[in-house]
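Going by Swiss-Prot, these are the annotated features:
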- 1-13: topological domain 'Extracellular' (TOPO_DOM)
- 14-38: transmembrane segment (TRANSMEM)
- 39-50: topological domain 'Cytoplasmic' (TOPO_DOM)
- 51-73: transmembrane segment (TRANSMEM)
- 74-87: topological domain 'Extracellular' (TOPO_DOM)
- Cys87-Cys164: disulfide bond (DISULFID)
- 88-110: transmembrane segment (TRANSMEM)
- 111-129: topological domain 'Cytoplasmic' (TOPO_DOM)
- 130-150: transmembrane segment (TRANSMEM)
- 151-179: topological domain 'Extracellular' (TOPO_DOM)
- Asn177: N-linked glycosylation site (CARBOHYD)
- 180-201: transmembrane segment (TRANSMEM)
- 202-229: topological domain 'Cytoplasmic' (TOPO_DOM)
- 230-251: transmembrane segment (TRANSMEM)
- 252-263: topological domain 'Extracellular' (TOPO_DOM)
- 264-285: transmembrane segment (TRANSMEM)
- Lys273: N6-(retinylidene)lysine (MOD_RES)
- 286-304: topological domain 'Cytoplasmic' (TOPO_DOM)
- Cys299: S-palmitoyl cysteine (LIPID)
- Cys300: S-palmitoyl cysteine (LIPID)
Amino acid sequence: YEYPQYYLVNPAAYAALGAYMFLLILVGFPINFLTLYVTIEHKKLRTPLNYILLNLAVANLFMVFGGFTTTMFTSIRGYFVLGHLGCNLEGFFATLSGEIALWSLVVLAIERWVVVCKPISNFRFGENHAIMGLAFTWTMAMACAAPPLVGWSRYIPEGMQCSCGIDYYTRAEGFNNESFVVYMFTCHFMTPLTIVFFCYGRLLCAVKEAAAAQQESETTQRAEREVTRMVVIMVIAFLICWCPYAGVAWFIFTHQGSEFGPVFMTIPAFFAKSSSIYNPMIYICLNKQFRHCMITTLCCGKKA
């Protein structure tokens with residue numbers, strides 16, 4: 001917190017991180033804001049499923065304003081100049097955003113499973129279910145991001161010391177880091193991923209069976225396949241962005257006392273931050289209705 005950490009790596013590396021964060025802000029803010037604005041402006045986009053996708057956009061904006069701006073500033077300065085309070089805020093927003101994204105994918109996976117596999121007959125995913133899903137994602141995300149603020153573990157500068165995360169590195173007395181990390185990985189990483197994989201495993205079987213039996217009309221099957229493909233790609237993108245960070249964090253936690261270079265944790269941590277731009281990009285690329293509405297909005301109401 002007190003002086004530039006240029007003894008860790010070349011100062012040019014800090015400048016590169018600052019430029020990278022500026023790029024994420026430059027892309028992340030407009031694309032997530034546009035997702036929100038277009039959905040609010042076009043009534044036909046205000047479907048229960050899209051509530052969850054909007055939730056991802058809101059979480060990403062939290063990350064942009066609460067995390068990216070802070071990290072860009074500290075990268076330029078070469079150390080976490082904002083002190084302990086700033087570290088808590090940056091670590092909190094990064095963790096909160098990542099967890100909201102993960103639990104939103106859980107809700108989307110359950111929705112796809114219920115709608116396509118029909119384990120509950122005559123069930124329709126409605127507005128009330130979507131609102132309950134939103135409340136669930138925020139509750140679970142807060143249950144992961146808030147404890148370090150009140151003494152169960154803590155947020156500390158990591159890697160090149162210009163961004164903050166959970167303390168996987170030490171067994172500092174009074175913080176119970178070990179129990180929190182086990183709780184976090186079990187309840188807030190492995191459990192949601194297990195639910196997602198279960199839902200999509202059942203989903204793939206149901207889609208194959210329906211196609212073979214021709215139980216639905218071709219139009220309905222195609223629409224369900226498009227939505228399912230979009231959500232599956234979101235899950236894959238999440239795994240690509242966050243699994244390296246989670247894997248390195250767990251490795252550091254289980255090898256405390258060993259020496260690690262500052263870049264070892266910095267690269268996966270900053271790579272994970274790119275998750276704030278991939279969900280809206282996937283949504284825009286794979287959802288024809290949203291893409292049409294977005295073009296209409298950008299063309300000031302003129303149909304493209």
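Including glycine, each Cβ sits where the backbone N, Cα and C put it.
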Ranked first among 14-38, 88-110, 130-150, 264-285 for CB pairs under 8 angstroms with the transmembrane segment (230-251): 264-285
Whether the transmembrane segment (14-38) meets the transmembrane segment (264-285): three or more C-beta pairs under 8 angstroms: yes
Secondary structure content of the topological domain 'Cytoplasmic' (39-50), with strand meaning DSSP E or B: 9 helix, 0 strand, 3 coil
Position of peak Cβ density within 10 Å, selected from the recorded positions Cys87, Cys164, Cys299, Cys300: Cys164
Between Cys164 (disulfide bond) and Lys273 (N6-(retinylidene)lysine), the C-alpha gap once rounded to whole angstrom: 12
Rounded Cα separation (Å) that holds between the residue listed as 'N-linked glycosylation site' and Cys87 (disulfide bond): 17
Same-chain residue ranges lying at least 6 outside the transmembrane segment (264-285) that approach it to Cβ under 8 Å: 17, 20-21, 24, 27-28, 31-32, 34-35, 53, 56-57, 60, 63-64, 67-68, 71, 94, 97-98, 101, 158-160, 163, 165, 230, 233-234, 237-238, 241-242, 244-245, 247-249, 252, 291, 294
DSSP-derived structure type at Asn177 (N-linked glycosylation site), helix or strand or else coil: helix
Long-range environment of the topological domain 'Extracellular' (151-179) - Cβ separation under 8 angstroms, sequence gap at least 6: 1, 5, 8-9, 13-14, 17, 67, 71, 74-75, 77-80, 87-88, 90-92, 94-95, 249-250, 252-253, 256, 262-267, 269-270
Residue pair Cys299 (S-palmitoyl cysteine), Lys273 (N6-(retinylidene)lysine) - Cα distance, angstrom, rounded: 31
Positions whose Cβ lies under 8 angstroms from the topological domain 'Extracellular' (252-263), at least six residues beyond its ends: 5, 8-9, 13, 159-161, 168-171, 181
